[in-house]
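K.L.:
What follows is a structure written as structure tokens; I'll ask about it next.
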Amino acid sequence: MNPHAKLIFTSSLLLGTTITISSNHWMMAWTGLEINTLAVIPLISKSHHPRAIEASIKYFLVQAAASALVLFSSMINAWSTGQWDITQLTHPTACTLLTTAVAMKLGLVPFHFWFPEVLQGSSLTTALLLSTAMKFPPITILYLTSHSLHPTLLTTMAIASAALGGWMGLNQTQIRKILAFSSISHLGWMTIIILYNPKLTLMTFYLYSVMTATVFLTLNTTKTTKMSTMMVSWTKTPMLNATLMLTLLSLAGLPPLTGFLPKWLIIQELTKQEMTPAATIITMLSLLGLFFYLRLAYYSTITLPPNSTNRMKQWHTNNPANTSIAILTSLSISLLPLSPMILATA
């Protein structure tokens with residue numbers, strides 16, 4: 001892709017995200033979401049592969065439908081209350097429509113079908129954008145309207161997302177699809193708590209973004225997209241694969257790694273809100289995710305192919321992304337001891 005075009009699209013992504021997260025008016029938030037959608041489509045389809053074109057069309061159709069629902073919901077609310085303020089969403093139909101629209105934007109169950117397919121058709125860097133930065137504006141809208149959302153619908157979708165994300169990831173061999181289902185599962189954890197502690201949702205999203213960015217950048221360095229390629233990559237970059245294993249275990253939520261912190265706090269908050277059954281169910285469902293993370297960790301470090309090459313191991317690579325991977329890996333692994341400070345700032 002032309003560097004100037006890439007710069008324009010990246011700037012548009014930043015602009016759209018900034019407009020959405022900083023606006024109080026529904027029309028401005030909708031405009032930001034539309035700019036984001038139009039800016040990311042060329043990034044998805046830049047390889048001109050049929051799968052990439054298919055992914056960009058699916059993404060466009062789903063996001064257009066979700067944006068139409070956002071607009072429809074805000075117009076119903078404005079018609080009945082005379083308010084265009086995002087925080088003043090009070091009409092019951094508008095609340096249900098907005099919950100549906102944001103679920104479509106995020107890829108929550110039952111509106112999750114597009115997400116694994118779009119990620120599979122994108123490059124690793126675009127998949128990273130779709131899994132992290134593109135989720136930020138809808139999460140912000142959820143945060144601003146959390147007091148007026150449909151609680152039963154949101155909790156049902158959250159538990160279903162955690163279940164389906166874990167269940168569907170078990171049988172995959174494509175790493176991008178596994179990470180897509182991992183994202184759906186994590187979104188279930190974020191949405192179940194947003195009604196009771198919205199700041200905890202944001203903190204979970206930030207930590208999830210750091211861990212996912214680490215995984216995607218590492219995979220992009222080793223050019224790994226399938227399980228079979230992951231087995232061979234150990235012979236090329238052993239140190240990078242060892243840190244990838246720790247990051248994957250952190251995503252699974254194992255102590256004493258960073259990923260344990262948000263899950264621990266969410267379970268604690270759900271128990272305080274007398275939602276012990278929901279906390280128990282979502283914790284049991286996270287074991288499904290743990291299985292495929294362990295499978296990925298096993299493939300990345302423990303399994304060696306029978307015919308390993310005799311080339312020299314690259315303990316150090318001259319990749320410009322090395323510094324960012326090192327910083328992100330450190331954050332993905334070692335933030336749990338700093339949890340009192342993180343909670344104080346949150």
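Yeah, the Cβs are placed from backbone N, Cα and C, and that goes for glycine too.
The following feature annotations were taken from TrEMBL:
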type: DOMAIN; residues: 23-288; note: domain 'NADH:quinone oxidoreductase/Mrp antiporter transmembrane'
type: DOMAIN; residues: 290-343; note: domain 'NADH dehydrogenase subunit 2 C-terminal'
type: SIGNAL; residues: 1-23; note: signal peptide
type: TRANSMEM; residues: 57-76; note: transmembrane segment
type: TRANSMEM; residues: 96-115; note: transmembrane segment
type: TRANSMEM; residues: 152-171; note: transmembrane segment
type: TRANSMEM; residues: 178-196; note: transmembrane segment
type: TRANSMEM; residues: 202-219; note: transmembrane segment
type: TRANSMEM; residues: 239-258; note: transmembrane segment
type: TRANSMEM; residues: 278-300; note: transmembrane segment
type: TRANSMEM; residues: 321-343; note: transmembrane segment
K.L.:
Taking the transmembrane segment (152-171) as reference, which of 57-76, 96-115, 278-300, 321-343 has the most Cβ pairs under 8 angstroms?
P.N.:
278-300
K.L.:
Could you pull out which residues elsewhere in the chain have a CB under 8 Å from any CB of the signal peptide (1-23), counting only those six or more residues past its ends?
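P.N.:
Result: 29, 31-40, 42-43, 46, 86, 129, 133, 136-137, 140-141.
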K.L.:
Among 96-115, 178-196, 278-300, 321-343, which stretch has the most Cβ pairs under 8 Å to the transmembrane segment (239-258)?
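P.N.:
By Cβ pairs under 8 Å, 321-343 leads among 96-115, 178-196, 278-300, 321-343.
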K.L.:
Take the transmembrane segment (278-300) and find every residue of the same chain, 6 or more past its ends, with a Cβ under 8 Å from one of its Cβ atoms.
P.N.:
155, 158-159, 162-163, 165-167, 169-170, 172, 175, 178, 181-182, 185, 188-189, 192, 227, 230-231, 233-234, 241, 244-245, 248-249, 251-254, 263, 266-267, 270-271
K.L.:
Using a Cβ-Cβ cut-off of under 8 Å, list the residues of the same chain that are 6+ residues beyond the ends of the transmembrane segment (96-115) and lie near it.
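P.N.:
Residues 33, 58-59, 61-63, 65-67, 69-70, 72-74, 76, 89, 130, 135, 137-139, 141-142, 145, 149-150, 153-154, 157-158, 160-161, 163-165, 180, 183-184, 187-188, 191.
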K.L.:
Can you tell me the mean pLDDT for the domain 'NADH dehydrogenase subunit 2 C-terminal' (290-343)?
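P.N.:
The predicted confidence over the domain 'NADH dehydrogenase subunit 2 C-terminal' (290-343), as a mean pLDDT, is 76.
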